[in-house]
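Pulled from Swiss-Prot, these are the features on record:
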BINDING   B:48, B:54  NADP(+) binding site
BINDING   B:125, B:126, B:127, B:237, B:238, B:277, B:292, B:293, B:294, B:295, B:296, B:318  FMN binding site
């Protein structure tokens, strides 16, 4: 309720600050009996981890996850799974001056005004470091959804600053530090090098998808699957826009082209992004998000201090020149968490989704649409 | 939890179907002691009402609201406010064939697959008619926020199909059926007439804003104010994308320009759309949404029936050729509901927001930023 | 969240006041496909209805329920079921003076202090009349649980004032106005007649049970099934105590006798009241509640008015001399709502409860315990 | 939602198992700006700690709490407060056989049936050890409520087995291991020694109260303050019954005596237990609970194993012969958590409770009732 728990049936409560002793989360509601170990979670954490290329922050955190509860003899017990990640490379001395000033584009001002106090070390609670526990929780959701439905979650960068990134193949994504679906990323690297030298930052666009989606996920009227995805994505640090399917392009489309035709073997197009009336249709979920340029830059900015005096702010410390670069595994995780929640909700009200294909009324089994 | 309640502290539970006897909602959590009558609500309902121009559905519904509870001697008592709107102009015979077929782009397919049953009369629960109770609830929230903070919620259409609509003045918005902020809408009318004759539909872009916003609304990590707005907007029928502030434009911005500079008298720009780190900064909230073209069109579409046979679907009945036309008051209402919820949340944890300006730590009172 | 919604997955939002135009509720989350009509609900409402004997309030309300939504062609659609009950026999003139005074033992004082305003007509929102929508919602839950699991909910009065009521048979319960499980209630009638003549009121004890309970309902640590039942029961007007199983008697029991022994064919005793560690064991749920004497009595009482002046309060109007008399169907309904909620929760996390007997690990099928 | 989070605005998410590496909780929603250190929490933890007398389990746990987040420079920041308690004295070898058997009166059977898996080490998740994080969270709530309203939470044992414990003075409670409000506890010690030698256990009754209670806490219809207290108390391990105020005694009371008279200087009696219509009246909250005898006893019991074979169960390990002995600080903590939640809820809807005395309508300021 105070905004640090994501989900209700698969509820992830996040805690910690960038430079506190540890960060982590508690997952409540995980189905029992699934095999789970730290190794199942560490892979996605490593994809998000800082310090892995010269294009991201040089903070060196192993982000090693520890399972504190909820697993017995290698299997989930249905009780809360507490995940702990120690902070090891805090350098709070870098942030001394920041405690008295508000960085433009940053949460400094609003945290101060809301709470009358804020932890300025590394951005405190507003740091993107707090996405790490979500990536961990998302890995748990992904594993269950993969085992139960064969679901696949994938993401990639489709634009960085002015550079649109063509989709060549999912295979390229793990091979470069940008999560770009293209073979040759030298242009992106050169672009980022120039930007870093200029002491500036840029935005990015990320695409994230889910495949083998069960039909029937999402609730009218408000907890529509697309509404929940929009909530999850817009809650990621620095996200300023979210599209489902055709997104803004749908404004200029005609009803005769936008509405995806249906045939006995499946949908012909996917302008809907896999969601009709707020409920999953079995098509791939298609989501696109805009990430703003990093606020923490070394170029001087005009601002005020906590006494309302004008100041010039220069943000030192170690920051990502494009926070979008590490956003791909985060967006995947958030999408997985939304889907997981709605799988559980759906079987609460409607029974297990897998059995829908066998309903006598349903002559067109779900499988034919996947 | 099953998706028909919006909000938690100011919780609006929506019920009804397009062609049932009545629709309505129950508002739980309204602060006590506010003067409230049907007249305070009817105004916004009339703005959303069908049948008011040739460019929207010709269904004739007075949408007269009745307060069933929660008001005593003209004042709210703090107990649930039940609002009832009778349906008077259902013509369910128009929808006979639809019961066996899935309209492309419509919720028919997914409701059927999820629930194994659906009410096909007028779209049943998935009809945009169910936004009427939200407009009613939003009017209650708007009234309280206006009285307490002087808040102002405004919306307008900024694009319809291919036609971008320039912003001339808020004053023009009530004077035309499009909620367009321009004096001469004859081009829009001609465009819509052509579209209707072609049996087709188009999308639209709507902008919605809030002024005199208290600082400090929104919760980390997940119930960020922008995340909640995205959830609210994407939950409106036919919305496919949501932007806050600079939105997708932020991808190509630089950190040196995107981050809004701060001076002792306020922010210089508003790329943030009034939200930093998920918390309101006191600047105007700025939201933009994309609405897809109406799915219910008279042009024939390829689809299947409930037995998976191919069919050609032609949607008769009375429909809006651009559902975006009536979306403006809906988007305003949803924004007001989000803000109302977060005002109550904020004072639960942090005490009354109005007193923040008086905190000794806060040398720059909120007022200077508004 | 503001306390007028019961349950989360099977969520019942209650609205209305004793003397407003109507009362009712919205049920969100009902599984789709169940046959449902007003007749399925009216039976329990009639059991709770006022005016049916000289021992209860003479207010004459038919309590006829109308289904406004959520049912199509006689079946639930999975969307909200709105239930409306018109108030027809309000006599608000009876309550004029009460608006300025606080009746001892009544909610007058606390509503006034909390909200700064209250609807005094018939107790307004605090009237036991608001249990009628819960009885209606409970009837929906009972029907689904009966069809799916063969569950049976029963209640009876076990004490009224000083008179302990022996359990003879469930068959007697419908045959007398006290819901007493005994054949001859003449002693109870004489007792109540004396009390009414004396202008006084008394308390009662009600027992409520559930049979054919699925194993596995209830969540650790907090939403234990017994904790949820205690919450539901204590929320009924005038309830001051709740026991599960052996209840207060367990204080003097020994561990060697309290802990119910288990054999391959089932439990030997039921001190647990059907719940172990907060989770249903498959035994009957056994609950007992204490209901305080009616606060609204004709005998003069010492109190204050809203200006803190001492006054003597005499409550006219039509009241139940023992509110416990009509409490049995209410307690049954609340128990059914708790069970319904937890059946849905359980299948969200653990899959359908019916399939547990078939798990290979579970050599002792659930059926052997029922 | 899956039952491991208590509260909504002051939400405490509990995790851990009796013999896992650590237990703990995350508090979300704590108001910012309160001074808080481990020392503020450790005191109540020490009161609940095992191994402090021969009458409780000899497990030796320091229960040293560590604050992982949410506090900066000694003050709460409004972000989640994670509390960690290491388990140090697990001896899981004591529990080998138990993994295959169901102890009568214990959660073994139901956890196994619900989840298909359970952690048998020390009772796993169902162990009363998991009340430690709640005592820690309760200490945070108590501190805030004491500083803001001068609230005082107190509890004592009023009965153990057959022995009723007279109330002499609150001063005696800290001076004996039973939390008994009497000077000479030698009879209780002898009673417990006999019981322990007999390999048996007994129940207890605990009274818990709150003083300086703000008026107006609690929500109609369902989240009544008494309903929430009942939920909180019944959720404590081994609790089988809850009373508010006169409790079961109210059955035989008359309306003329039960309803507490009001005078300009306050209430005359407190049969209501401080709650009218579900809302706090400003009088002391008075709660009484029944705790069943410990299920884990050394005397042999008849039961079954997981293959449904009959077995004789003897529970070795280290257990409390009366779990009620350490229940007092737990019950206090749960009461404080309920009150804290409702203080925040109340100021969300009605504004700060402290200001109610100043409302012009309220001629009788709250203070005169305390």
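Each Cβ is built from the backbone N, Cα and C atoms, and glycine gets one as well.
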Residue B:48 (NADP(+) binding site): secondary structure state under DSSP, collapsed to three categories: helix
Largest pairwise Cα distance, Å, within the listed FMN binders B:125, B:126, B:127, B:237, B:238, B:277, B:292, B:293, B:294, B:295, B:296, B:318? 44
Measuring Cα to Cα, tell me the gap between residue B:296 (FMN binding site) and residue B:54 (NADP(+) binding site) in whole angstrom. 17
Show which residues of the chain containing residue B:294 (FMN binding site), separated from it by at least 6 in sequence, have their CB under 8 Å from its CB. B:201, B:238, B:319, B:320, B:321, B:322, B:323
Can you filter B:48, B:54, B:125, B:127, B:294 (the binding-site residues) down to those whose Cβ is less than 8 Å from some Cβ in chain A? B:125, B:294
Please report the number of other Cβ atoms within 10 Å of the Cβ of residue B:54 (NADP(+) binding site). 12
Quick one: Cα separation, residue B:292 (FMN binding site) versus residue B:54 (NADP(+) binding site), in Å? 20
Over all shown protein chains, what is the count of other CB atoms within 10 A of the CB belonging to residue B:48 (NADP(+) binding site)? 24
Could you check the binding-site residues B:48, B:125, B:292, B:296 and tell me which sit with their Cβ under 8 Å of a chain C Cβ? B:125
Measure the Cβ-based neighbour count of residue B:292 (FMN binding site), defined as the other Cβ atoms within 10 Å of its Cβ. 31
For residue B:125 (FMN binding site), what is the secondary structure state per DSSP, taken as helix, strand or coil? helix
Give the distance between the Cα atoms of residue B:48 (NADP(+) binding site) and residue B:125 (FMN binding site), rounded to the nearest whole Å. 18
Please report the Cα separation of residue B:127 (FMN binding site) and residue B:54 (NADP(+) binding site) in Å, rounded to an integer. 20
Counting only residues 6+ apart in the same chain, whose Cβ is under 8 Å from the Cβ of residue B:125 (FMN binding site)? B:16, B:17, B:18, B:111, B:119
Those binding-site residues listed as B:127, B:296, and which of them has the most Cβ atoms within 10 Å of its own Cβ: B:296
For residue B:296 (FMN binding site), what is the secondary structure state per DSSP, taken as helix, strand or coil? coil
For residue B:238 (FMN binding site), just count the other CB atoms lying within 10 A of its CB, please. 23
